[in-house]
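Comments concern the structure below.
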Amino acid sequence: MIKLFRSKLYVALLLMVVVLFFGVLGYRYIADYSWIDALYMTIITVTTVGFSEVRPMDIEGKIFTVVLIVTSVFIFGFAISVITEYLLSRNSPQKLKLKKVKNTIDKLSNHVVVCGFGRNGMQAAERLKAYKKPFVVIERDKELLEKYDDDILFMEGDANEDEVLLAAGIDRAKYLIVTLPDDAANLFVVLSARQLNTTLFIISRASQVTSQRKLQLAGANKVIMPDKIGGDHMASLVVMPDLITFMDKLSVEGEHTTNLEEVAIEDFSDQMDCSSLRDLDLRRKTGCTIIGYIAPDGEYIINPEADLPLQPKSKVIVLGRPEQIRKLNEMFHIELS
């Protein structure tokens, strides 16, 4: 659209120059004015300011003036409308909003890029928003974007295009969530994003079981199958209803309603002399219980022994009520991951 306005603007400016040039030549050779007088007469004629003539004109000069006035009215009217339209398009609320969004995205780093704002993408955005994680949503459906809050950073475009991914800051992002409905499109986005950012942690949706391995080979760190998870969850509610209902109550909805939290060992900076989980003594200090341990090599240990030695770059999974989790975060100055 901007290119169209610019092309029309160039045409309008060219026509204005042609009219001025035509007027100067006409008054110079038809009315026998000097070059300065010819320019003066042309300007006051096309602008219709109504000053008097430099000197009386003969019949040829008057006819030329009539032609010049009629021509300039149409051309200058067209030029003014084009210029006005161009200026308004550059400064419209929508354009200003897009410029503000672009400036905000350009300042982001270690953020999350969400490709697709369908049911899965929308849910992911809500969770990220609840946790106050900075994120950008790429969606090509303009009508869909206009329905939602202004506090979500939307990038209108096709996530399959590298330019759109780069505009969303994929080269500076820490995570990518791909939720497009088509597995082939997800595969292409994962492949492109991995080339643009080799350290990116990529989570992709898959609809077909056969797509899972392909997405992993393309560079996805995690592949999620929403239909499988939903079916498993419903079946589990039949087999173990109370247990699953209890697990559902372990909320990770937002910053202030968390029952589970993962904490890096390095976050316990005031307890660096501790050599084991027992030494941390989180149960007495905060009320939280350690229910899991993640070793530096990625091994998960459920319900670890109290004497388990602590290693650098490991993590603990803690369980507690919201107020206990807040106490843990405040006591050790832990920022939510």
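Just so it is clear, glycine is given a Cβ too, placed from its N, Cα and C backbone atoms.
Under the heading transmembrane segment, TrEMBL lists 9-27 (among others).
What TrEMBL records for 33-51 (among others) is transmembrane segment. Among residues of the same chain six or more beyond the transmembrane segment (33-51), those with a C-beta under 8 A of the stretch's C-beta atoms are 19-20, 23-27, 65, 68-69, 72-73, 76.
The transmembrane segment annotation in TrEMBL covers 63-88 (among others). Proximity of distant same-chain residues to the transmembrane segment (63-88), defined by a Cβ-Cβ separation under 8 Å and at least 6 residues beyond the stretch ends, is recorded for 5-6, 8-9, 11-13, 15-16, 19, 22-23, 26-27, 30-31, 42, 45-46, 48, 57.
What TrEMBL records for 109-225 is domain 'RCK N-terminal'. In the predicted structure, the domain 'RCK N-terminal' (109-225) carries a mean pLDDT of 92.
According to TrEMBL, the feature domain 'RCK C-terminal' maps to 247-334.
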Please count the residues of the domain 'RCK N-terminal' (109-225) that DSSP assigns to helix (H, G, I), strand (E, B) and coil.
46 helix, 25 strand, 46 coil
Beyond the flanks of the transmembrane segment (9-27) by at least 6 residues, Cβ under 8 Å:
33, 35, 37-39, 41-43, 45-46, 61, 64, 68, 71-72, 75-76, 78-79, 82-83, 86
